[in-house]
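Below you'll find the structure, written out as structure tokens, and then a few comments.
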Amino acid sequence: MAKIVKVIGREIIDSRGNPTVEAEVHLEGGFVGLAAAPSGASTGSREALELRDGDKSRFLGKGVLKAVSAVNNEIAQAILGKDGSAQAEIDQIMIDLDGTDNKSKFGANAILAVSLATAKAAAASKGLPLYAYIAELNGTPGVYSMPLPMMNIINGGEHADNNVDIQEFMIQPVGASTLKEALRIGAEVFHNLAKVLKSKGLNTAVGDEGGFAPNLASNADALACIKEAVEKAGYVLGKDVTLAMDCASSEFYNKENGLYEMKGEGKSFTSQEFTHYLEGLCNEYPIKSIEDGQDESDWEGFAYQTKVLGGKIQLVGDDLFVTNTKILKEGIEKGIANSILIKFNQIGSLTETLAAIKMAKDAGYTAVISHRSGETEDATIADLAVGTAAGQIKTGSMSRSDRVAKYNQLIRIEEALAAAGTPAPFNGLKEVKGQA
């Protein structure tokens, strides 16, 4: 047993220039874990609370000194002397101490940073890479897979300052046989997309997640540009590369009139009409995954969408499920969607994150591990994806170090497992619900 001997919280800066919480957990023997909480832009209303100070004189009110204070005081006092490898116990102590349904006393940003730092310190104390330790916590020791990247190469919605309503247009390099090859394909398409956009006189500045953020006439235009880029890179769309979208529909859903208002296109849709709009895009392009294709509270709309599209493509719940097992359980019972997006700051601890992944898999749903639009150099989600054999990862485009850090960690893990004589499989499109 390696006891926790020191806990340190600090305010650091994320990829959007906003503060976030970093935690250090020290164990006996000199083992240290360091982790930082990410932050979202388009957030589900039922997510665990990210505690901000609200002091307009610092960081426009976005400081996290209250959350940092919770780490350095109440949380530290509660877990000092505890066994660092008792992950579930440590997480439960923090959850109970917070005492709220949504972690609003200390902030999910405080609790998560300590939770992840504890896991990293415990992994170090056991001489294990983080992905291997996560697999042990998951009850699946030695079971790994390399995730299929869903690479966000055109950004819209809340992630970009442009007129594109759909938040993410992604490529899936399904023709690859390894993770590293998938990243090469993604990079080549990304660079060719820059050329395509420039040739059309369009902006090649990037959004929060490293994808391009041009003004386009329609969402279909974004898909057409990506198709051209895939072909210019020498690949076949639908065979080597498939497509995915994150609609983030809650961001353009008008609760007053019940319409999905796509201002960039000047179009409005009822819930069912929007499902058929997406169906039309799927018929025109090889779109294999759609995330949040309805408003988070439009469960009737999601049920209809699942009936229409759920047998053909992956329907991922992000704002819909917010990595919460209570909400996911209800969704499974009602046949809503067929996949869950996993963002550990939506729920606020590693233990609860692993529970959501397990519940999804047990129900035949897929689990897509995801970054947030506000990130740091912390690459824990790469280890989470491999250690749970989740099969898919969303961590942005082929630019911005906060995104590429995760891809580079995946390269290291793939290389290490191969060198140990236990290569992790890369299953490509087979990992996507409905595509096996």
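Glycine is treated like the rest: Cβ placed from N, Cα and C.
When the candidates Gln167, Gln272, Gln294 are compared with the (2R)-2-phosphoglycerate site entry in Swiss-Prot, which names Lys343, Arg372, Ser373, Lys394, the shared residue is Gln167. The Mg(2+) site recorded in Swiss-Prot includes Glu291, Asp318, and the single candidate from Asp240, Asp246, Asp378 that the record places there is Asp246. Largest Cα-to-Cα span within the (2R)-2-phosphoglycerate-binding set Gln167, Lys343, Arg372, Ser373, Lys394: 17 Å. Listed in sequence order, the residues of the same chain lying 6 or more apart from Arg372 ((2R)-2-phosphoglycerate binding site) and placing their CB within less than 8 Å of its CB are Pro38, Ser39, Gly40, Ala41, Lys343, Asn345. Ser373 ((2R)-2-phosphoglycerate binding site) sits 15 Å from Glu291 (Mg(2+) binding site), taking the CA atoms of both as reference points.
Residues near Asp246 (Mg(2+) binding site) in space but far in sequence (CB under 8 A, at least 6 apart, same chain), listed by position: Asn152, Ile166, Gln167, Glu168, Met170, Ile290, Glu291, Asp292, Val316, Asp318, Lys394.
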